[in-house]
Amino acid sequence: MTDLPARRLLLVHAHPDDESINNGATMARYAAEGALVTLVTCTLGEEGEVIPPELAHLAPDRDDTLGPHRAGELAAAMAALGVTDHRFLGGAGRYRDSGMMGAPQNDRPAAFWQAGLDEAAAHLVAVIREVRPQVLIAYDPNGGYGHPDHIQAHRVAMRGAELAAQADFRPDLGASFAIGKIYWNCNPRSVVEEGFARLRAAGRAFPGVASVDDVPGVVPDAEVTASITVRAEHAAAKSAAMRAHATQIAVDGPFFALSNDLGQPLFATEHYRLVHGVRGAADGEREDDLFAGVAGTSGSTATAGSARNEEAAT
Ligand SMILES: [Zn+2]
């Protein structure tokens, strides 16, 4: 524990690729600044649709080997982002991709959608108590767009944060730890609309164009509390990480498409809503650092020594 970096960021995602699409630039920035960036992915994404025809045999109705393949894609994406701590909730293959809402795969006993909440959250509690993150990034209660695994990932993240702070919950999983700030992923409506205008002006990069309603977590601009801007190299790392998820994402410059072939803007600036903790920016202003206001973490040169002081003081 004493060897932990001063700043520690935890992200909880449903499938390999969600982290790069939602938070790739943020992850690259904080990893480069020396923060510990820990990614917990809840399923292997076994039920995803496969884009490259030559990999179609991986699909669940054929070889059913998409899960291990996507674990490899995730490892490559993390290398692109400079993130070394990535784990699967309960270990790889513990929970299976539940498929889209209403699909028969929702009802499989191994599906993440069927997981007992506290049982699944306990796996996250162990991670939280080990890495003691000051900041957690999760989905909103709708999971951004209603996918059962994203909704469940939201529930597990919030419940895990709650249980990790309770000293009498599973003391065998480590000393209790309270996460200081919790953010939900979001996209400000004006930015998404502007992105689609750019995409339409750029011409036909993809067979079709998605709509604002296809983008997860679109909220009124006023609800956004943090906008994380990054250097060009971190934006490039996000693009490279998305390309590493080749079964799921086709990237073309500042745009990308999922398996529906509908183009979307690729955002280098990522946005968040603070839902727990104290905002580190003046009223009416957005934070530009998720650790803003967290004691002992100012600047990228903060040391483990100051982290110990902070922990001793709380
Ligand atoms: Zn997903």
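Yeah, the Cβs are placed from backbone N, Cα and C, and that goes for glycine too.
Sequence-distant neighbours of H15 (Zn(2+) binding site) (same chain, 6+ residues apart, CB-CB distance under 8 A): T41, C42, T43, L44, G45, G48, R70, D97, D149. Taken from TrEMBL, the feature Zn(2+) binding site applies to H15, D18, H150.
What TrEMBL lists as region 'Disordered' is 293-314.
For 295-307, the entry in TrEMBL reads compositional bias 'Low complexity'.
Listed in sequence order, the residues H13, A14, D17, C42, T43, G45, Y139, G143, H147, D149, A153 complete the 8 Å Cβ shell around the Zn(2+) site centroid, once H15, D18, H150 themselves are left out.
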